[in-house]
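Feature annotations, courtesy of TrEMBL:
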- 40-289: domain 'G-protein coupled receptors family 1 profile' (DOMAIN)
- 22-50: transmembrane segment (TRANSMEM)
- 57-77: transmembrane segment (TRANSMEM)
- 97-119: transmembrane segment (TRANSMEM)
- 139-161: transmembrane segment (TRANSMEM)
- 193-215: transmembrane segment (TRANSMEM)
- 236-252: transmembrane segment (TRANSMEM)
- 272-291: transmembrane segment (TRANSMEM)
Amino acid sequence: MENCNQTSTDFVLMGLFPSSRFGLFLFILIVLIFLLALFGNLSMILLIFLDIHLHKPMYLLLSQLSLIDLNYISTIVPKMAYNYLFGNKSISFIGCGVQSFFFLTLAGAEALLLASMAYDRYVAICFPLHYPIKISRRVCVLMITGSWIMGSINSCAHTTYALQIPYCRSRAINHFFCDVPAMLTLASMDTWVYEYTVFVSTILFLLCPFIGIALSYGRVLLTVYRMNSAEGKKKAYSTCSTHLTVVTFYYAPFAYTYLRPRYLRSPTEDKALAVFYTILTPVLNPVIYSLKNKEVMGALRRAIQRICSVKT
């Protein structure tokens, strides 16, 4: 039987960047993406907070999405960059647990929040007269709070399980962050129970919301098709395509990674897929929602005009 270390022993993150010029290029690219994500999401939060024209349920949900993405990418990239720059790939046992907890909390909250945003657009387009009642500020706050609470509960359960099992002498996690399934490949016990809970959690937090989003947009597209207004159709199709782009980049690689059994997964493929939902999605969200939204662009122009008028 393989000897196992105590739980106080540090883990080693193998990382994403190879030791070559391509690795350096990839590192610089991801750092730039990280800075763009910070700037874009922080700008969205401030813009929605400061502009009274954006004080609507849709933009309250969008500001929460930006807040989640801001923390989401910050949970992973800074540690990954530090490890690459200083050549220190270790992460403490507790640090690994903390990173895993925040990652799973934010990932679950974002999955549920995207479903809430789809419901918001469904009501706005299919039941416009009922929208102020069905999507009131109170309902919006409840959807946001529920997303955070459900994400935290799911994360707490998975992280607690991962931290209390014994790990073998090899502490090298073949990933660029503390992803619990990657951690459990090092476990010295049978983890079939956990793999089953991962499957159930993926269905609840990814597959079910995705089905809900698909049904919502199916009804939205049917309603749009029956519209007489060409301008209304154009606006609705633009909104739908924007949201579906975000959904595809987030749900598809996430679900594909976590629904596969262990024997079909490979560390290289898992890391490549993880880049989509941990690094690319947080930078794409503010870009997509701002460039394809006239109200956001209008608020941005007003903010720039106010800044220019103050300077002059």
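From the backbone N, Cα and C atoms, a Cβ is placed for every residue, glycine too.
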Region pair the transmembrane segment (97-119) / the transmembrane segment (236-252), three or more CB pairs under 8 Å: yes
Positions on the same chain near the transmembrane segment (272-291), where near means CB under 8 A and six or more residues out: 16, 30, 33-34, 36-37, 40-41, 43-44, 62, 65-66, 69-70, 72-73, 76-77, 103, 107, 175-177, 179, 242, 245-246, 249-250, 252-254, 256-257, 297, 300
Positions on the same chain near the transmembrane segment (193-215), where near means CB under 8 A and six or more residues out: 107-108, 111-112, 114-115, 118-119, 150-151, 154, 157-158, 161-162, 180-181, 184, 243-244, 247, 251, 254-255, 258-259, 261-262
For the transmembrane segment (57-77), sequence-distant contacts whose Cβ falls under 8 Å of one of its Cβ atoms, 6 or more beyond its ends: 30-31, 34, 37-38, 40-42, 44-45, 48-49, 99, 102-103, 106-107, 109-110, 113-114, 116-117, 120-121, 124, 135-137, 139-141, 143-144, 147, 176-177, 278-279, 281-283, 285-286, 289, 295-296
Confidence summary (mean pLDDT) of the domain 'G-protein coupled receptors family 1 profile' (40-289): 88
